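Per TrEMBL, the feature xanthine binding site maps to L20, T27, K156. Feature annotation from TrEMBL assigns domain 'Phosphoribosyltransferase' to 34-151. Look at TrEMBL and you will find A128, N129, G130, Q131, A132 tagged as 5-phospho-alpha-D-ribose 1-diphosphate binding site.
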Amino acid sequence: MKLLEERILKDGHVLGENILKVDSFLTHQVDIRLMHKIGEVFAEKFANAGITKVVTIEASGIAPAIYVADKLDVPMIFAKKSKNITMNEGVLTAEVYSFTKKVSNTVSIAGKYLSNEDKVLIIDDFLANGQAAKGLIEIIEQAGAKVEAVGIVIEKSFQDGRGLIEEAGYPVLSLARIERFENGNVIFKEADL
Ligand code: 5GP
């Protein structure tokens, strides 16, 4: 997605070896126009796929996921990272290890929001080592629902996430694919959409 790549080049900041900071338009302040476009691009791709739910993980997956769900006209569900006292029964969970934060989180979705009739599109802001997407897939499959594909805004292709998810049998579609960082600059490879 050309517009996204241009925005990353303009406003993204490379931190250390392998982190891209995009908090001016995606992970903190959110550019609504860009989110609209992201919603359109994913929705066009999956218009005839029979998607019934969009699933993401809090917090920064929520913004793009809402716009995709809006365009597909289906509900958006975000997995929660902390235990919620109102979520007391039928909770589906998975462990998600964060390499960036070096902690493991239990993420959860109330089982009543997913069923074996659902066809799910997973959307997330970043794909790095694939642990967040893997956890979401585990939860969705516990509900007997089908994962149609994993849609990613920014994929860091030099990390293991894409391989992990594809080897497990799920298509990955990314709007921007980063091949590497070079002297603080972002080098892209060809994106999927
Ligand atoms: P994974 O589970 O694929 O290793 O990492 C996915 C999650 O880690 C994303 O949802 C995102 O919140 C966070 N993340 C991973 N790499 C980056 C990065 O380079 N920049 C930002 N802002 N977040 C990242």
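Using the three backbone atoms N, Cα and C, a Cβ is placed for every residue, glycine included.
This view paints the features noted in TrEMBL onto the structure.
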{"residue": "L20", "record": "xanthine binding site", "CB count, 10 Å": "19"}
{"residue": "T27", "record": "xanthine binding site", "CB count, 10 Å": "18"}
{"residue": "A128", "record": "5-phospho-alpha-D-ribose 1-diphosphate binding site", "CB count, 10 Å": "23"}
{"residue": "N129", "record": "5-phospho-alpha-D-ribose 1-diphosphate binding site", "CB count, 10 Å": "18"}
{"residue": "G130", "record": "5-phospho-alpha-D-ribose 1-diphosphate binding site", "CB count, 10 Å": "25"}
{"residue": "Q131", "record": "5-phospho-alpha-D-ribose 1-diphosphate binding site", "CB count, 10 Å": "20"}
{"residue": "A132", "record": "5-phospho-alpha-D-ribose 1-diphosphate binding site", "CB count, 10 Å": "27"}
{"residue": "K156", "record": "xanthine binding site", "CB count, 10 Å": "24"}
### Task
Compute the centroid of the Cβ atoms of A128, N129, G130, Q131, A132, then list the same-chain residues not in that set whose Cβ lies within 8 Å of it, in sequence order, for the 5-phospho-alpha-D-ribose 1-diphosphate site.
V96, S98, F99, L127, A133, K134, Q159, D160, G161, L164
### Task
Fill in the CA-CA distance, K156 (xanthine binding site) to G130 (5-phospho-alpha-D-ribose 1-diphosphate binding site), as an integer in Å.
10
### Query
Between N129 (5-phospho-alpha-D-ribose 1-diphosphate binding site) and L20 (xanthine binding site), how far is it from one CA atom to the other, in Å?
14
### Task
Determine, to the nearest whole angstrom, how far the Cα atom of Q131 (5-phospho-alpha-D-ribose 1-diphosphate binding site) is from the Cα atom of L20 (xanthine binding site).
17
### C-alpha spacing of L20 (xanthine binding site) relative to A132 (5-phospho-alpha-D-ribose 1-diphosphate binding site), in angstrom
17
### Task
Find the average pLDDT over the domain 'Phosphoribosyltransferase' (34-151) in the predicted model and report it.
95
